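Notes follow the structure.
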Amino acid sequence: MSRSKRDNNFYSVEIGDSTFTVLKRYQNLKPIGSGAQGIVCAAYDAILERNVAIKKLSRPFQNQTHAKRAYRELVLMKCVNHKNIIGLLNVFTPQKSLEEFQDVYIVMELMDANLCQVIQMELDHERMSYLLYQMLCGIKHLHSAGIIHRDLKPSNIVVKSDCTLKILDFGLARTAGTSFMMTPYVVTRYYRAPEVILGMGYKENVDLWSVGCIMGEMVCHKILFPGRDYIDQWNKVIEQLGTPCPEFMKKLQPTVRTYVENRPKYAGYSFEKLFPDVLFPADSEHNKLKASQARDLLSKMLVIDASKRISVDEALQHPYINVWYDPSEAEAPPPKIPDKQLDEREHTIEEWKELIYKEVMDLEERTKNGVIRGQPSPLGAAVINGSQHPSSSSSVNDVSSMSTDPTLASDTDSSLEAAAGPLGCCR
């Protein structure tokens with residue numbers, strides 16, 4: 001594309017302290033969140049005739065870590081295509097050459113709210129179960145490609161008013177290696193698994209602890225383990241769940257083991273005490289979902305010893321979840337990631353910049369006339385299986401009144417105010 005023609009395709013608008021220079025197809029930009037990794041705006045796509053979210057990466061070439069994170073996010077979003085993972089619609093840059101290249105814009109599906117708002121609602125069993133089912137389907141799809149999300153938290157999970165749920169933000173995702181020697185400083189503290197807190201290394205079911213924390217928060221309407229730092233976080237966990245057994249202690253590094261063994265010993269509480277029936281909604285007559293089933297699932301996810309924690313496949317088959325089971329969702333073909341050494345790559349900033357520029361140019365070429373060519377639409381229609389999903393006629397728990405503003409809250413702090421409201425049909 002010639003320089004003059006490229007210039008004519010873009011316009012600039014001030015968003016807070018930042019300037020968004022976007023393709024003219026994107027109109028009516030409105031800020032909806034900001035954070036360490038970038039600023040997110042809602043916009044209207046005149047070509048696709050739909051609302052979208054545009055994320056401007058924050059200084060992607062500031063250092064090698066930022067550059068590597070940006071490259072990883074682009075590669076993973078391009079490869080992953082599942083109804084419970086946020087869909088990539090477009091990627092572009094207003095710069096005209098590699099030498100000028102400095103800004104990356106990622107266009108994604110726009111959702112109605114993040115899970116932080118939904119957690120404050122009184123959900124019935126159908127809606128809670130269905131939201132968790134979708135979460136697990138998205139996680140399994142990532143795990144099937146060896147991708148550990150590591151950053152699951154309510155603000156990284158978004159929903160629409162029809163109860164559709166999607167996982168987002170892959171800037172901190174990592175492909176699973178053989179050594180599992182991974183940095184523990186990743187997940188928002190409250191949702192960190194014990195193996196992360198204790199620097200033990202981790203495998204895929206580190207994400208199941210995070211789901212357990214989120215589910216517990218949906219039940220209790222409060223954070224389960226609100227630690228101020230790693231030490232306080234560990235103390236909060238063992239005070240409630242109990243000090244782990246000696247076999248677990250043997251797995252710890254010597255210095256960590258010494259500290260943990262010298263802490264006061266806690267018996268912990270039963271899950272009936274932590275999550276009494278009074279916190280749960282009434283048992284479901286239609287799908288036979290009960291508080292006892294929900295509590296049993298929590299007890300299998302919130303397990304300190306990862307070797308005894310439930311896997312995503314086991315969670316999907318749990319009685320509280322499997323009423324929604326659909327092979328097309330839970331057993332979708334794994335994404336094909338061409339760069340098998342995605343997380344082992346080490347480059348200079350300039351080398352990362354060139355790699356990212358090539359990715360952006362490739363995606364620009366593939367999205368000239370709409371969504372990415374060669375990739376199925378991320379907005380696949382919901383498949384209704386044998387189990388009836390929460391009825392659209394139900395006025396109980398409808399998220400449509402939760403907020404008038406949409407959101408796509410990746411690593412950003414959503415600007416939306418949580419508002420009480422009913423949560424609508426789930427499928």
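Even glycines carry a Cβ here, placed using N, Cα and C.
Looking at Tyr44, Tyr133, Tyr185, Swiss-Prot tags one of them with phosphotyrosine, and that residue is Tyr185. Of the candidate ranges 314-370, 371-427, Swiss-Prot annotates residues 371-427 with the feature region 'Disordered'. If you draw a 10 Å sphere around the CB of Cys116 (S-nitrosocysteine), it holds 20 other CB atoms from the protein chains shown. Every protein chain shown contributes to the tally, and the Cβ of Asp151 (active site, proton acceptor) ends up with 23 other Cβ atoms within 10 Å.
The two recorded residues, Asp151 (active site, proton acceptor) and Cys116 (S-nitrosocysteine), show a Cα separation of 15 Å.
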